[in-house]
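S.K.: Please read through the structure below; I'll follow up with questions.
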Amino acid sequence: MGIQGGSVLFGLLLVLAVFCHSGHSLQCYNCPNPTTDCKTAINCSSGFDTCLIARAGLQVYNQCWKFANCNYNDISTLLKESELRYFCCKKDLCNFNEQLESGGTSLSEKTVVLLVTPLLAAAWCLHP
């Protein structure tokens, strides 16, 4: 590669470095104590890839969470609540009260699509 090719490659790498940033951290509403109207937003720490909102009676928990732990057993154990509703999501500031009020579930829409698509594909392939 000549000098001109090296300059073009360097320019492309520079443009990619400027416009592509890695390490975007998810923003979630996070209140250390249960509250009914959490408005405190934080950038989640590394390893926390999901926002959680959980309601146990009148207590509402908003925080960063690990998607791998987004299930009833882990949430109820870590929050020390035996009866709760919860919603996990992976978009910035998606863990607000209306998610639970509108019938939020434990799985995001994308997760359901990712789970159902292979099953439909398998059924299609097996269909005579």
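Every residue gets a Cβ built from N, Cα and C, even glycine.
Sequence annotations record features per position, and here Swiss-Prot assigns disulfide bond to C28-C51, C31-C38, C44-C64, C70-C88, C89-C94 based on similarity to another entry. As annotated by Swiss-Prot, domain 'UPAR/Ly6' applies to 26-108. Annotation comment: Swiss-Prot describes N43 as N-linked glycosylation site, evidence class sequence analysis. Annotation source Swiss-Prot lists GPI-anchor amidated serine at S102, citing similarity to another entry. Summarising the annotation, Swiss-Prot assigns signal peptide to 1-25 and lists similarity to another entry as the type of evidence.
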S.K.: Any idea what the Cα distance is from C64 (disulfide bond) over to C51 (disulfide bond), rounded to a whole Å?
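M.R.: Checking the Cα atoms of C64 (disulfide bond) and C51 (disulfide bond) gives a distance of 5 Å.
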S.K.: In the structure shown, with every protein chain counted, which of the disulfide-bonded residues C28, C31, C64 has the densest set of Cβ atoms within 10 angstroms of its Cβ?
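M.R.: Within the set of disulfide-bonded residues, the most crowded position is C28.
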S.K.: Have a look around C51 (disulfide bond) and count the other CB atoms within 10 A of its CB, chains all included.
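M.R.: I count 29 other Cβ atoms within 10 Å of it.
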S.K.: Quick check: of the disulfide-bonded residues listed here (C28, C89, C94), which one has the Cα closest to that of N43 (N-linked glycosylation site)?
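M.R.: Spatially nearest to N43 (N-linked glycosylation site) by Cα position is C28.
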S.K.: Taking the Cα of C88 (disulfide bond) as the centre, which of the disulfide-bonded residues listed as C38, C44, C94 lie within 10 Å of it?
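M.R.: Close disulfide-bonded residues: C94.
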